[in-house]
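Q: For T15, G16, G17, N127, R163, S191, I249, Q294, the entry in Swiss-Prot reads UDP-N-acetyl-alpha-D-glucosamine binding site.
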Amino acid sequence: MTASQRTLMVMAGGTGGHVFPGLAVAHRMEAAGWRVVWLGNPAGMEATLVPKHGIPMEYVRFGGLRGKGLKTKLTLPVNLLRACWQSLGALRRVRPDVVLGMGGYITFPAGVMTALSGRPLVLHEQNSIAGLTNKVLAKLAKRVLVAFPGALPHAEWTGNPIRAELAHTEPPQARYASRGGPLNVLVVGGSLGAAALNEVVPRALALLAPGERPRVVHQAGVKHIEALKANYEAAGFAAGEDVRLVPFIDDMAAAYAAADLVICRSGAMTVSEIAAVGVAALFVPFPHAVDDHQTTNAAFLADAGAAVLVQQRDLSAELLADWLRGQSRASLADMAERSRSLAKPEATDEVARVCAKAAGANLEQLQ
């Protein structure tokens, strides 16, 4: 670290929805010559993932209360006090010029101590319904940013920071116009798999006449791939040219860009990535998401005719098959264009600029 080098501390943890957008901003700031240090939980996924990106870490132990037992609730005051003390120690060691909170339980004690120590705090909320931590910290932050309009009062709509390759794909009009033959459908279950999609999609395809069936790439997660194969076999399909079953996808930008339609859950980053690429989507929100935020995430696109939202309780093979029969590449291309128009492809740069400005830095450093 040079005497003139500025430092950003990113605090985020718990889930990829918090960590990955934080990494996008971290790399953008590093490219502009900033030093970046990450504050996270040693037991969280960030402790494994972030060091692989060459970013040093500070650790604070703190967990949430949702779904926890009486013992956790009774020990909360002690655990919170300890986490605040650990956070203060990290802030004193790192001496950041600005702190960016991307969400997760760890953000609360660290965010409070950032504000009390007089350092500028920038918050970013990825979901359409803000979590409790960000609702509280928004009152202490210098700048509050949101991925979806209205998630927090008096916030700036920047969108979600995403990987650069997703923000620079070919426009949907050109992609869709160059294709012929059956529709290309991408089904994304994520690393955890999505049992409802894994069960319903094969049965829906079986209800379609051979000439109506799309080409399908179905991703289900390593732990669920064998069950998925069994579901397709039970529906009368053998994996082949028109049905590819994969445990994971290395290049999501290419997978999204090759699809006419994506069938998936509606986590914040998934919705943002689909809009950035510009691809039609049928969202089936995870029904047990906190505050049902996946429904409102999906509604942001669905209400504009840029996607279709089907609740899991309403999803059936018959409904999906009927809906697919009514789609054409032209109708899906229109949906994709609407989706692309709602994207914020410059979100990573915008969040980085806000952080720089909060630290009193020259924004030209991020051009």
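In case you wondered, yes, glycine gets a Cβ from its N, Cα and C as well.
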Q: Within 10 Å of the Cβ of N127 (UDP-N-acetyl-alpha-D-glucosamine binding site), how many other Cβ atoms are there?
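A: That number is 26.
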Q: Let me check the 10 A CB neighbour count of T15 (UDP-N-acetyl-alpha-D-glucosamine binding site). How many other CB atoms are there?
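A: The answer is 17.
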Q: Can you name the residues of this chain that are 6 or more positions from Q294 (UDP-N-acetyl-alpha-D-glucosamine binding site) yet have a C-beta less than 8 Å from its C-beta?
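A: Long-range Cβ contacts: R265, S266, G267, F283, P285, F286.
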Q: Applying a 10 Å Cβ distance cut-off over all chains shown, what neighbour count does G17 (UDP-N-acetyl-alpha-D-glucosamine binding site) have?
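A: The answer is 20.
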Q: These are the binding-site residues: G16, R163, I249. Which one scores highest on other Cβ atoms within 10 Å?
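A: Buried the deepest by this measure is R163.
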